[in-house]
Amino acid sequence: MWWDERVSARFRRNLQPTLTYWSVFFSFGLCIAFLGPTLLDLRCQTQSSLSQITWVFFSQQFCLLLGSCLGGVFKRTLAQSLFALFASSLAISLVFAIIPLCHNVVVLAVVMAVAGLAMGCIDTISNMQLVKIYQKDSAIFLQALHFFVGFGALLSPLIADPFLSDTNCILSNSTANASSNLPHIRKSLVPHHPGNLSHYDLPMKGMVVTRVSYAFWIMALINLPVPIAVFFLLYKERMVPCFNGSSHPLLSADELAMETRPTEKDDLSTSVQRPQAAGGHDDLFGCCQSKNFRGASYTYFAVHITGALVLFMTDGIVGEYSGFVYSYAVEEPLSVVHKVAGYLPSLFWGFITLGRLISIPISYRMKPATMVFINVVGVLITFLLLLIFSYSVVFLFVGTASLGLFLSSTFPSMLAYTEDILQYRG
């Protein structure tokens, strides 16, 4: 194997929890990418306007932010973390199953808000648990974790595509005027801002003929093994109430002591860089209490602020570029054929998935700081070249692939880098 025996042994000891956290992140990816291509069919299902249905995007993304904060509440014990993951992954399957039954846009927005909360909890808890298990060796496993996000995000639109309406999914007297424009409108939709689509005639009343329900039910079934896997992990750890024998940690006491014992150098660096953690978990805002930061160096705050800015920039690009690039390609001056431009979002997500797969072995040989530097510089150079060659259709495809490749491993590399500096112990 291309990693050393120590890391391999730790992976074998934690095989089930590691695979479980990876599978839960697959649920995250499956849920984050389905809304864009299915939005017009959901508009038909709820018989709402474009301006109304696009609020569903905001509902999901805003609650994802809240869920990411909420996930930190469940980090105190392994039992709380696993129960939160079980509830979140099960909620995603239930959301997929319930969406076809939502015939009101407000109800759909509430359902998507629940999905956003579940996704946020999954995002926070899975990353934290892997760092807690592997600590200094977490980089390679975080890369694999985020590969499953890309894989789920790539699979979700492929499942939905056969069931999307090629013609207007609400039949009325004006259907003929809008039918041929529907594929273009679908790909022009960008989260939070649908753009200038007022010249398209999209009826709100009539007979609904969409078949998108089948796509959601298929995704619900595909996701169902994930909460089952989390339940089996709970059962193995004897945390299920009906089988709550003597609870034990993922590692034995001796193994845990050996793997978490810091070196003398770590003790010195930790005492300078990390604030005192005692009493900081009593409530949701306990981490913000001033006594927790006594003795913390400027480096501690600088690393957190820099990491937050990098992730704010790169995750924002990932969230928006796949929707923006189609609209940019079909307009002047490029005027790419709609069918050809439709491959750009798939190309972007495909190279994100490929980049995360490639980063798994690379992260074992390369330091996280080096990977973060390469990724950030690569993103900046790619955007600069996209601006210089803004009239080139060929370079738009090349730049989209390059951007996906450099963005792919930024999040896990940055997380592993901060763990290296700040010596997190979970």
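Using N, Cα and C of the backbone, Cβ positions are placed for all residues, glycine too.
Feature annotations, reproduced from TrEMBL:
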TRANSMEM  21-40  transmembrane segment
TRANSMEM  52-74  transmembrane segment
TRANSMEM  81-99  transmembrane segment
TRANSMEM  105-126  transmembrane segment
TRANSMEM  138-159  transmembrane segment
TRANSMEM  214-235  transmembrane segment
TRANSMEM  298-318  transmembrane segment
TRANSMEM  340-358  transmembrane segment
TRANSMEM  370-389  transmembrane segment
TRANSMEM  395-417  transmembrane segment
Query raised in the report: Can you find at least 3 Cβ pairs under 8 Å between the transmembrane segment (52-74) and the transmembrane segment (105-126), where each pair is 6 or more residues apart in sequence?
Result: yes
**Report entry** Most Cβ pairs under 8 Å with the transmembrane segment (81-99), selected from 21-40, 138-159, 370-389, 395-417
**Finding:** 21-40
**Report entry** Which of 105-126, 138-159, 214-235, 395-417 contacts the transmembrane segment (21-40) most, counting Cβ pairs under 8 Å
**Finding:** 138-159
Requested in this report: Take a look at 105-126, 138-159, 340-358, 395-417 and tell me which one has the most Cβ pairs under 8 Å to the transmembrane segment (214-235).
Outcome: 138-159
Query raised in the report: Which residues of the same chain, at least 6 past either end of the transmembrane segment (395-417), have a Cβ under 8 Å from a Cβ in it?
Result: 127, 131, 138-139, 142-143, 145-146, 150, 307, 310-311, 314-315, 317-318, 321, 325, 328-329, 334, 336, 344, 347-356, 359, 363, 368-369, 371-372, 374-376, 378-379, 382-383, 385-386, 389
